[in-house]
Number of protein chains: 2
Amino acid sequence: MSELNLRAERLDAADALAPLRSRFALDDVVYLDGNSLGALPAHVPDRVADVVRREWGELRIRSWTESGWWTAPERIGDRIAPLVGAAPGQVVVGDSTSVNVFKALVGAVRLAGDDRTEILVDATTFPTDGYIAESAARLTGRTLRALTPDEVPGALGPRTAAVLLNHVDYRTGRLHDLPSLTAAIHAAGALAVWDLCHSAGALPVGLDEHGVDLAVGCTYKYLNGGPGAPAFLYVRRELQPRFDSPLPGWNSHAEPFGMSPRYAPAPGAARGRVGTPDILSMLALEAALDVWDGVDIDAVRAKSLALTDFFLECVAAYTEPGRVEPVTPAEHGRRGSQVSLRCDDAGEVMKRLIEAGVVGDFRQPDVLRFGFTPLYTTFADAERAARILGSLLR
Amino acid sequence: MSELNLRAERLDAADALAPLRSRFALDDVVYLDGNSLGALPAHVPDRVADVVRREWGELRIRSWTESGWWTAPERIGDRIAPLVGAAPGQVVVGDSTSVNVFKALVGAVRLAGDDRTEILVDATTFPTDGYIAESAARLTGRTLRALTPDEVPGALGPRTAAVLLNHVDYRTGRLHDLPSLTAAIHAAGALAVWDLCHSAGALPVGLDEHGVDLAVGCTYKYLNGGPGAPAFLYVRRELQPRFDSPLPGWNSHAEPFGMSPRYAPAPGAARGRVGTPDILSMLALEAALDVWDGVDIDAVRAKSLALTDFFLECVAAYTEPGRVEPVTPAEHGRRGSQVSLRCDDAGEVMKRLIEAGVVGDFRQPDVLRFGFTPLYTTFADAERAARILGSLLR
């Protein structure tokens, strides 16, 4: 047994979060793709079966009230809120991330007022944010400028309406400085919209503490809500009364069953709703959030950094120098919960890694991406993944 | 046993669709609310369990390709297509009805061109269509005029960009004349956008035959897809290359995994996609559509009319004259698959009906609404519902 192997054993033995792994359905595969699709929490299948057989099959229409379906979007939003540092009443669940980016960005532009004519967007972002930002700019008559997060402070000005940024870059795993960027955006009088897809459930976000205006996030990565589980939208409490959604569906009406031809927006987080929520996906997510009971997000962050540190150390030890190059920052303050390695033949390497029982993913053009979910990833997983990677690259 | 009771027995015995009822999980309740939430097809729970336990739990990320998750929106769209008279490749499933109304209406306005500055919308429509139409008009710089479907032909002109109409009115159950209204809209050079929420799965629609431009519809009513199952969007094949979605999420990109910062829309129905589809709800819907195997929508329509005729006859026989007033048209060509009865104390009456085992619903301010799903509603259901209603109104 190698020294790193022994270290992994000791680290796992000392890990206070280690027992959480038993809350998930896992097997012998080293699953380092929880940043794309989180693993199945073990109790979710029974809950989904109950929703289908009893709530839909037996209670049918009565479940909208009796099984709490109608209020699920806000109720589940309040379950996510503490994980992203939000007080209750500001997060609502529903629709895809892309649709929520649209609501948030058009909403932000309207809050900024007519004299602010430019939207700034992270040029390195997951593409959908850029595409949707372009549509939001076009429909609201604003211009759109794409730039790197580092360039944002220098680009802000009296014309800036809103800035859409990713908290963690999906490709490199770089963590951006949410507090200082938000402060700079506010100093310019603009609104800060953050995409938390790769940070929610992986590290503390502190939405309220840092005065973020609007945010969106994904629930099927580090929150393990299941494939295509609905995304969430955060609108800071002070902004809610003026939040003017571009998708004012009947679920966001102050009296949805009044069936009034006049639209009157609901107060609070419900204003971010649109149409009928997809209950099966939503209640699977609600059940999945049970795994967070008693879990401290700071402890999750500490383990995440320890895991990625250890993985980088193992990669360095097991891989011939120069064969891969880490693109995820070494500095803790700039690292999310993933490690991305540049590698010339990344597509082929990832294919062989998966065949060898180590599941990460490949991102164009040359990135091997490994996600670390502290709730279920072990140090032994990190060591084994690096060891197999090293052997494949020889 | 009354004469109507015997008639119901004979009608059920002669009903070629009667065996389909066994494909659903039903009980002694007379369920006449399938126009709000369709009943559970009996085989769906096992399929959902397999999706959760094996596809998500065991295959995890691999299911996006190996379990056909990625292509589900178009594949399921093609299952719905024949039920609404569409050739393959024109229907895509995903997002809520409200979100799809937004895509369809903004898309239609853009197809109509800049010199067409007015949108017409059904003033009697389900409210969300009106709210979303208002947002679409505001964001595209068009004016919006709300009017009854009967007023549409007289209001069309060279400034009309698009008309959003409901095929069946959710409150009255009135079926509007899709072929002639679509023809009138086309004669004015405008685009016809139809909301099929209360007709898809209940009666033949003939989208291709009548040259409808765009359409949206719900899958959790007569298509029994489950609570909040994703809606569908139809874009006529000839219009697809110019369809310009206001929600160009990464799922609608020609090369979604190319992760290009430049948006390039996919060809075909996939252009109507937005973000990651909610797989659990979507695959429950796919399984639910199996109940349509071998079912002819014309036979469904014939039974629907026979059921609503018989229910109206029973109501007339069992209820004191003047106590309720049918608001659903008597004429077959103007009737959907529901019967709405005006009744002064409708809210209280529906409450007592439900307690007595007859589930319909109440719509503001004074409407008792009964939906008839020919796949599982029996003539005995219709007779019993009318009889209990009559006894409660005495």
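From the backbone N, Cα and C atoms, a Cβ is placed for every residue, glycine too.
Shown in sequence order, B:Asn251 are the residues of the chain, 6+ apart in sequence, with a C-beta less than 8 angstroms from the C-beta of B:Thr276 (pyridoxal 5'-phosphate binding site). B:Thr276 (pyridoxal 5'-phosphate binding site) carries neither a helix nor a strand DSSP state and counts as coil. The pyridoxal 5'-phosphate binding site annotation in TrEMBL covers B:Thr97, B:Ser98, B:Phe126, B:Pro127, B:Thr128, B:Asp129, B:Asp195, B:His198, B:Tyr220, B:Trp250, B:Thr276.
Applying an 8 A CB threshold to same-chain residues 6+ apart, the list for B:Lys221 (N6-(pyridoxal phosphate)lysine) reads B:Gly34, B:Asn35, B:Ser36, B:Leu37, B:Gly38, B:Cys197, B:His198, B:Ala200, B:Gly201, B:Ala202, B:Gly371. What TrEMBL records for B:Lys221 is N6-(pyridoxal phosphate)lysine.
Listed recorded positions (B:Thr128, B:Asp195, B:Lys221, B:Thr276) with a CB under 8 Å from any chain A CB: B:Thr128, B:Thr276. Within 10 Å of the C-beta atom of B:Phe126 (pyridoxal 5'-phosphate binding site) sit 21 other C-beta atoms, taking all shown protein chains into account. A 10 Å cutoff on Cβ-Cβ distances gives B:Tyr220 (pyridoxal 5'-phosphate binding site) a total of 27 other Cβ atoms nearby, all chains included.
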